[in-house]
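J.: Below you'll find the structure I mean.
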């Protein structure tokens, strides 16, 4: 949506036509919300903007057949290294030499994905934040093999889609999650020890640190399964790092399928 709205030609690829129909409808709804604010007093210009954006967007279920005409591939599939590497390996065979590959992963090593291809110098990370149309930040990740030209292209693309890029090396969690996930885990440990209630911890961080959400609200919003997945991955990389220690309570909630907002219950209950 963000790339199409800024004049880029986009092919959205997913596993089935059904998913793609749902995605296109979601983009259309999202664009309507954007235009309500952006073109509040000019509904005609708003309608034109939506039409123009959707014209830049086509869909496909076959990534290999469309990749031959792309300059940039952004992968945003399931957070599983094997699955990602399999996709990149396939696309590497069909993509032109100049095409840059990027992953939107929040927790996996970019270097390991780049190594699945023959274009390590044309591979980087582009980590967008949810919800992407609203959030201004993009983390641009440079591996030891990413060329300066590729890095600059990724920074330029981020600016061209109206975002503010920050740069980081290929370190676990990059900048935001490296600070955010241990903070959320520390909040859970504080609660596990019985030092404070989750409600009071949330109020304290909102009013004391100016955060828009408390750590437990944020965990429920992100998804407890996602947070557990990230911390488990980091723990296996650095088992002696106390910041990456797993939490029995988080594990228990995930086991009980209480994953947060998306399942109606996590640390809090949702109607």
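The backbone N, Cα and C atoms fix where each Cβ goes, glycine too.
In case it helps, TrEMBL gives these features for our protein:
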- 30, 37, 106: CoA binding site (BINDING)
- 1-171: domain '3-hydroxyacyl-CoA dehydrogenase NAD binding' (DOMAIN)
- 173-270: domain '3-hydroxyacyl-CoA dehydrogenase C-terminal' (DOMAIN)
- 127: site 'Important for catalytic activity' (SITE)
J.: I need the least crowded one of these recorded positions (37, 127), counting other C-beta atoms within 10 angstroms of each C-beta.
T.: 37
J.: With helix taken as DSSP H, G or I, strand as E or B and everything else coil, how many residues of the domain '3-hydroxyacyl-CoA dehydrogenase C-terminal' (173-270) land in each class?
T.: 65 helix, 3 strand, 30 coil
J.: Between the Cα atoms of residue 106 (CoA binding site) and residue 127 (site 'Important for catalytic activity'), what distance do you get, rounded to the nearest Å?
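T.: Cα-Cα, rounded: 6 Å.
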J.: Just how many other Cβ atoms lie inside 10 Å of the Cβ on residue 106 (CoA binding site)?
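T.: Around residue 106 (CoA binding site), other Cβ atoms within 10 Å: 22.
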J.: Let's check the environment of residue 30 (CoA binding site): how many other CB atoms sit within 10 Å of its CB?
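T.: By my count, 17.
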J.: Using only the Cα atoms of 30, 37, 106, which the record gives as binding CoA, return the largest interatomic distance in Å, rounded to a whole number.
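T.: That value is 30 Å for the farthest Cα pair.
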J.: What's the CA to CA span in angstrom from residue 37 (CoA binding site) over to residue 127 (site 'Important for catalytic activity')?
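T.: Residue 37 (CoA binding site) and residue 127 (site 'Important for catalytic activity') have their Cα atoms 26 Å apart.
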J.: On average, what pLDDT score does this prediction assign to the domain '3-hydroxyacyl-CoA dehydrogenase C-terminal' (173-270)?
T.: 96
J.: If you measure residue 30 (CoA binding site) to residue 127 (site 'Important for catalytic activity') at Cα, how many Å is it?
T.: 20
